[in-house]
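Heads up: the structure comes next, in structure tokens.
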Amino acid sequence: MSGFPILSLMLAVPAVAAIVCLFAGDKMARFVALGATLATFVLGCILWANFDVGGAQWQFTERADLFGRFQYALGIDGMALMLIMLSVFLMPLCILASWDAIKSRVGLYMAMFLIMEVVMIGVFMAQDLLLFYIFFEAGLIPMYFIIGIWGGANRKYAAFKFFLYTLLGSVLMLIAMIAMIGEAGTTDIPTLLNYDFPAAMQTWLWLAFFASLAVKMPMWPVHTWLPDAHVQAPTAGSMILAGVLLKLGAYGFLRFMMPMFPDASGQLMWIVFGLSMVAVVYTSLVALVQSDMKKLIAYSSVAHMAIVTAGLFAFNQQGIEGALIIMLSHGVVSAALFFCVGVIYDRLHTREIDRYGGLAKNMPAYSIFFMLFTMASIGLPGTSGFVGEFLSLAGIYEASSWVAFVCTTGIILGAAYMLYLYRRVVFGELTKDDVKAMPDLNAREWTIMVPLAAVALWMGVYPESFLAPMRGDVTTVVARLAPAKPAGDARLAAGKPRAAEAHGETAHGSAHAGGVQ
Amino acid sequence: MTADLALIWPELILTIGGLITLMLGTFVGDRNVGLYQLSSLLTLAAAAAAVVALIGVETTVFSGTLSVDGFGGFAKLLIYAASFICIVIAPRFFRGGMRAEYPTLILFAALGMGIMASSRDLMTLYVGLELNSLAAYVLASFMRTDERSSEAGLKYFVLGALASGMLLYGISLLYGFTGTTDFAGIAKVLGGELNIGLIFGIVFVLAGLGFKISAVPFHMWTPDVYEGAPTPVTTFFATAPKVAAMALMTRVVIDAMGPAVGAWQQIIIFLSLASIILGAVGAIGQKNIKRLLAYSSINNVGYMLIGLAAGTQQGVEGVLTYLLVYVVTTLGSFLVVLQLRDDQGNQIESIPALAGYSQRRPGLAAAMAVFLFSLAGIPPLFGFWPKYLVFEAAVNANLVPLAVAGIVASVIGAFYYIAIIKTMYFDDKSDTEFPKGGGAIVEDAVITASALWLSVIGYLFIPVLAVLSASAAAVLF
């Protein structure tokens, strides 16, 4: 496989398909988009199959001096691979989810989704700072159209808010990047990862990046664009927004802020911890009182992302691995939950929780899937959510037991709002006539539900498939952060671990066993 | 003297070509549009060819009053190209009202702008500027029977005369306190101690030039003139004279005032931030697309001034790249505006009438969306790149607060750009019909080419642009 530009091909397939869709008729556009996203997914599988776990940090690298000042440089490590897999896996499902729901300007819609795909996987592939920024920002345009044209009643407001909010955040990051390029004299990300910026500069750079990534994440208190965007976006738009776009922020934390500004990260971690703690409790409580299903899931996303940030800034192997697993798990599960909302929205055209009730009687298959994803969102053992939350909370505990304490309440509150939602929608008396008339899942919806459910269970039962490619990268980041890491308050005493085969790592085996005892 | 003539071929060609076009109009008549169009376009092409032939020559002519160099060449090519397009699009707009004065005036304006861009003496500067301005005043009121057009011409003339007065006053002060009108001589004196007279001179010269580039607070004429002038003339105003004035300003600031950084830099920074912010905020309430584009041009001039404020070669390179991309974007967007006609053939300028435009003319709407996102500087569109360059220059020149303020204000600017896109794409169709087939092939081709170039394709040209702008900017340092 070496030498074959598979990453460029993965960018080219959806890009070409997007242009075709612009000029194609409605029916043809749907099939072109589905074909292209499936083809990209197959390419992604080939990529994963050929990824050498434990091999070089950067694989499949491509480099072309196309732009003079910066390079067309692509390459992936394990973290990027997993997030690319998440994106290419969700895309065909998004296309299927909008198969019947989107009736107007289908060609434009499909083109926007395909551009979205190019941009998202481009972000994870970019190995050049400016190329990264271009991909990072480019996502605004298709999402603006997706929300604004095919969204709900208040879509224009939501589209504006989404666009301006995220733009305002990211422009400061651009200034920081310019300063970094001026200081280090290169735009090459692997080089910058090992460049030691002066300590005073790090603080400013860190704050500028934080301003941008915290909005993308989104962290409390700059999360307010998210509920609006989610509620107004079409189902597939919410799926991709929650599934992948929210991961860009955390990816930026892990790729840029932590390894590039380790000292500043160490000094300013209290900001992240503080905001995360507020977010976990506050947004969970807000989720509890929502009457709109999509809004509820949107607030739950903010809460989950807060555990991700806290896990990342634990600065240890479990915390970061756990955060990565939450990102993947939340990508699948929240997309699935938004799809679950979309299924009943398509039938009744309302997202009001009170309008439903008793679905278990007339939509049993739907109720089972919804139950599974609800449990995965809560973090029931055996589902993907458990693995991530457990690992990251174990890591956070090692760094600060108080943060761990507050974040754990988020899990409890999460169970409260999700089960409350589930009870009101699925259980109870089936009294409303229009709800009675709702048919169960059709073949297309089954096709979407089954892969999502399969992955959620796979990640819960055997997370090693997903952790293995990322472990080496996490170790690298942890090693880079080690000098800046403050002492935790957990005062861990190393136990006597048995052979560390289950954890697959030797250097951190003892700490690992200590953290979970 | 005759040797000098061989080095100003572009100017000579324009003078002769302009006179021929005028004669053609007088003796053959205004009806023969094709004939004088052809002669004016050929003149511009020949002048551009002469500029290309002079590439690599770097000298001064006529006792050092005019320079022949890469910087002037870069600006002239842009000016001629923009003038070319503005002549091409005119006949379809004016229909029966097309007269030979239009291409003639544009040719003379282009001549004046060429002199502005390559002057290195305060007197040639003023002559070039006035030659351009006089042509521009007449062009603004070209539709004699239209009230708005006459009003635009008069406003432009009165305010332009005021600005010329300020400029001349500044020139006289600089001359009085330095004893020379030569840029290099002025720079030598400014390198020493500054006295109040010199500072006043600098301020008045920059104020006069600020009027020409329509930087805030000297921008008041812009929206009215842009709105009132016939659309091809507005297209012209928004492109070629901006290039000339910006090139002139750069030359004056770097060449003549270079050593007195402390004196001019804060003025440029103020002009820049004021233009960015007022250009953005002022645009928000606009209901007329031409007025809106006027504010957008004020806003963009602010970003160019960020590059100039840096005062480094990198900054000037940024300004030149910015000018090029700005001209392409502006030409493209005005060509789209030119095609906005309802079924009676009336020009549509109101933004609310554009509601649902994407469903009536998807191609044009998409091109307009590209231009607007590009003007807003959203990557991956190419408008991002020149913005990046000027910000980089500012950061590297230790003007981080300026860069931060500018980039944060760009979010305000983004608001009104995406608001038009919202009108075109999200809103329900308005009652205005936009029949198909309005555009000539040339116009469609220019729109398509510029939209494609401003999409990701432009990035492939960065190496070329870097070489061009670097060799042009190097002249000043």
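Cβ atoms are placed via backbone N, Cα and C, with glycine included.
Noted in TrEMBL for the protein shown:
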DOMAIN    A:68-121  domain 'NADH:ubiquinone oxidoreductase chain 4 N-terminal'
DOMAIN    A:126-411  domain 'NADH:quinone oxidoreductase/Mrp antiporter transmembrane'
REGION    A:493-517  region 'Disordered'
TRANSMEM  A:31-51  transmembrane segment
TRANSMEM  A:71-99  transmembrane segment
TRANSMEM  A:106-124  transmembrane segment
TRANSMEM  A:130-150  transmembrane segment
TRANSMEM  A:162-182  transmembrane segment
TRANSMEM  A:197-215  transmembrane segment
TRANSMEM  A:236-256  transmembrane segment
TRANSMEM  A:268-289  transmembrane segment
TRANSMEM  A:296-316  transmembrane segment
TRANSMEM  A:366-387  transmembrane segment
TRANSMEM  A:399-422  transmembrane segment
TRANSMEM  A:443-461  transmembrane segment
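Contact check: the transmembrane segment (A:399-422) against the transmembrane segment (A:296-316) gives at least three Cβ pairs closer than 8 Å, residues 6 or more apart, which meets the contact criterion. Taking pairs at least six residues apart, the transmembrane segment (A:197-215) and the transmembrane segment (A:268-289) share three or more Cβ pairs below 8 Å and count as touching.
In this chain, the transmembrane segment (A:236-256) lies in contact with the transmembrane segment (A:130-150); the count of Cβ pairs under 8 Å, excluding pairs fewer than 6 apart in sequence, is at least 3. DSSP assignment over the domain 'NADH:ubiquinone oxidoreductase chain 4 N-terminal' (A:68-121) gives 36 helix, 5 strand, 13 coil. Just going by CB pairs under 8 A, the stretch in A:31-51, A:71-99, A:106-124, A:236-256 that sits most against the transmembrane segment (A:296-316) is A:236-256. Within its own chain, the transmembrane segment (A:162-182) is flanked in space by residues 129-130, 133, 136-137, 140, 143-144, 147, 192, 197, 201, 204-205, 208-209, 211-216, 222, 224-225, 228-229, 260, which lie at least six positions past its ends and keep a Cβ under 8 Å from the stretch. Long-range Cβ contacts of the transmembrane segment (A:71-99) within its own chain (Cβ-Cβ under 8 Å, at least 6 residues beyond either end) map to 7-8, 10, 14, 30, 33-34, 37-38, 40-41, 43-44, 47-48, 51, 53, 57-65, 109-110, 113, 117, 120-121, 124-128, 131, 187-190, 234-236, 239-240, 243-244, 247, 251, 254-255, 324, 327-328, 331-332, 335, 339, 342, 444, 447-448, 451-452, 455, 466, 468-474.
Here the transmembrane segment (A:366-387) has long-range neighbours at 300, 304, 322, 325-326, 328-330, 332-334, 336-337, 340, 343-344, 359-360, 411, 414-415, 418-419, 421-422, 425-426, 440-441, 445, 449, 452-453, 455-461, 463, meaning same-chain residues at least 6 beyond its ends whose C-beta is under 8 angstroms from one of its own.
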